[in-house]
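Features of the protein shown, as given by Swiss-Prot:
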- K256: active site (ACT_SITE)
- R330: active site (ACT_SITE)
- K244, D249, D267, E328: Mn(2+) 2 binding site (BINDING)
- D249, D326, E328: Mn(2+) 1 binding site (BINDING)
Amino acid sequence: MSFQCVKKYEDSYDKYVLAATSEKVVLPDYLDKESKKIAETIIKKNKFTAKASEKISMTLVNKKKVIEFIIIGLGEKKKLDAKNTRQYLFDGLKNIIGKVLFSFDNKDLDNIDILAEVVEHINYKFDKYFSKKKEEFLEVSYLTDKKVPKLIEGYELAKISNIVKDLVNEQAEVLNPKELADRATKLGKKFGFDVEILDEKKAQKLGMNAYLSVARAAHHRPYVIVMRYKGNAKSKYTFGLVGKGLTYDTGGLSLKPTDSMLTMRCDMGGAATMIGAMCSVAKMKLKKNVTCVVAACENSIGPNAYRPGDILTAMNGKTIEVTNTDAEGRLTLADALTYIVRKEKVNEVIDAATLTGAIMVALGEDVTGVFTNDEKMARKVIDASENWNEYFWQMPMFDLYKKNLKSSYADMQNTGVRWGGSTNAAKFLEEFIDDTKWVHLDIAGTAWASGANPYYSQKGATGQVFRTVYSYIKDNKN
């Protein structure tokens with residue numbers, strides 16, 4: 001176990017860590033008088049003031065035992081919030097390994113959830129395919145007299161974040177649509193939600209032709225994954241979640257360049273996000289009803305691949321001219337959204353998708369784009385992101401963007417003009433939600449880290465966004 005809470009000091013730890021604010025460093029009671037005196041001298045000599053992300057290490061003889069004592073700075077107490085507390089704890093702990101006794105110098109900072117999350121985040125590594133694996137980890141025992149809840153939300157969600165990251169980091173040769181469906185089924189059994197798998201024949205009967213056209217050339221066949229959590233039998237309100245589930249995307253006949261294909265294992269990041277949200281809702285036993293749909297498939301090339309110029313009839317009866325086979329995600333989402341609205345009859349929908357490169361041009365790698373037909377709902381989703389180290393920004397959804405989707409041969413086309421690409425994609429999706437309240441999250445930047453982000457510093461899957469979705473559902477009065 002990488003994290004636990006303890007109530008008393010022991011001398012068996014490899015390191016002893018104190019997180020302190022810059023107002024005044026208050027040394028822990030477990031240090032004896034002589035150790036405190038020496039520590040105070042070292043602090044003064046090194047002009048250590050516990051500024052944000054500042055760190056000092058010293059060797060002390062405490063109660064006749066040699067210990068390594070480390071103080072990490074959190075900066076000014078009044079400036080601390082959930083986001084920067086995470087960052088400063090991460091900065092202070094990320095290079096520490098072994099068994100650690102951790103404490104805050106101020107009980108007002110006593111935050112089990114954030115600390116547990118950071119520890120699990122530091123320890124994560126997708127090393128499945130390395131011949132030599134990471135053997136040393138950070139194991140934190142948190143010294144607190146606070147009553148510890150049976151389920152520490154931050155810790156449980158951090159472990160689920162690892163599941164999300166594993167799904168996204170897994171190579172596409174392994175994580176094909178069938179494997180994704182199987183893993184969702186196993187997670188349903190583990191966490192406590194029902195899973196129904198619709199094969200290609202069932203999807204055909206439902207008229208999910210836009211989705212199935214994308215999957216046509218792939219060796220691995222498509223599967224629709226339907227997950228249902230019933231946490232409140234008395235409520236008639238159901239939250240709907242949809243995740244883009246492209247387990248690999250070549251771009252189809254509108255073939256991607258090689259460099260763009262290298263990270264396309266992450267094109268099912270939306271699916272992983274929503275599976276993570278389902279696991280979280282079930283694990284924390286929220287008294288809510290939630291249904292999630294993932295239309296999983298691969299976008300490949302082959303003799304029967306769908307083509308630019310093809311006209312498809314979606315599940316809701318609308319016709320679509322294909323102008324670019326690399327704008328496939330919105331085609332799969334179109335039918336998934338129709339399915340969850342018309343068949344599952346949810347009251348509102350949030351979808352998450354690694355949908356457009358345009359959102360990264362607009363917002364960079366670290367911000368999720370938010371699109372909606374309901375301002376109040378979007379505001380609540382954005383507010384929920386403030387609970388986590390995540391950044392959301394609402395994008396425009398003016399009706400004038402609809403002109404960019406006009407086709408000479410069908411009701412609409414799947415791509416518009418180059419400009420405003422992320423909103424064009426969102427306006428396309430809006431055609432498939434009927435009158436249901438809806439928020440679309442474009443996570444093309446935030447699902448995958450290049451290594452430049454100070455918190456998501458490990459290249460690969462970030463495990464972001466599912467926590468925001470979870471918090472939104474948890475805090476919602478419906």
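Backbone N, Cα and C define each Cβ position, glycine as well.
In this structure the C-alpha atoms belonging to D249 (Mn(2+) 2 binding site) and K256 (active site) are separated by 9 Å. The recorded positions listed here (K244, D267, D326, E328, R330) include D326 as those with a Cα within 10 A of the Cα of K256 (active site). In sequence order, V214, G245, L246, M264, M268, N299, G329, T332, A353, T354 are the same-chain residues whose CB sits within 8 A of the CB centroid of K244, D249, D267, E328, the residues recorded for Mn(2+) 2 being left out.
In sequence order, D249, G251, G252, S254, L255, K256, N299 make up the list of same-chain residues 6 or more apart from D326 (Mn(2+) 1 binding site) whose Cβ falls under 8 Å from its Cβ.
Look at the recorded positions K244, K256, R330 and count other Cβ atoms within 10 Å of each Cβ; K256 has the fewest.
In the three-state DSSP assignment, the secondary structure recorded for R330 (active site) is helix. K244 (Mn(2+) 2 binding site) sits 8 Å from R330 (active site), counting Cα to Cα. Here the Cβ of E328 (Mn(2+) 2 binding site) has 28 other Cβ atoms within 10 Å, regardless of which shown protein chain they belong to. A helical conformation is recorded for D267 (Mn(2+) 2 binding site) in the three-state DSSP classification. Distance from the CA of R330 (active site) to the CA of D267 (Mn(2+) 2 binding site) is 12 Å. D249 (Mn(2+) 2 binding site) is surrounded by 27 other CB atoms, counting those within 10 A of its CB over all protein chains shown. There are 27 other Cβ atoms within 10 Å of the Cβ belonging to D267 (Mn(2+) 2 binding site).
The Mn(2+) 1 site, placed at the center of the C-beta atoms of D249, D326, E328, has further neighbours from the same chain whose C-beta lies within 8 angstroms: V214, L246, T250, G251, G252, S254, K256, D267, N299, T325, A327, G329. In the three-state DSSP assignment, the secondary structure recorded for K256 (active site) is coil.
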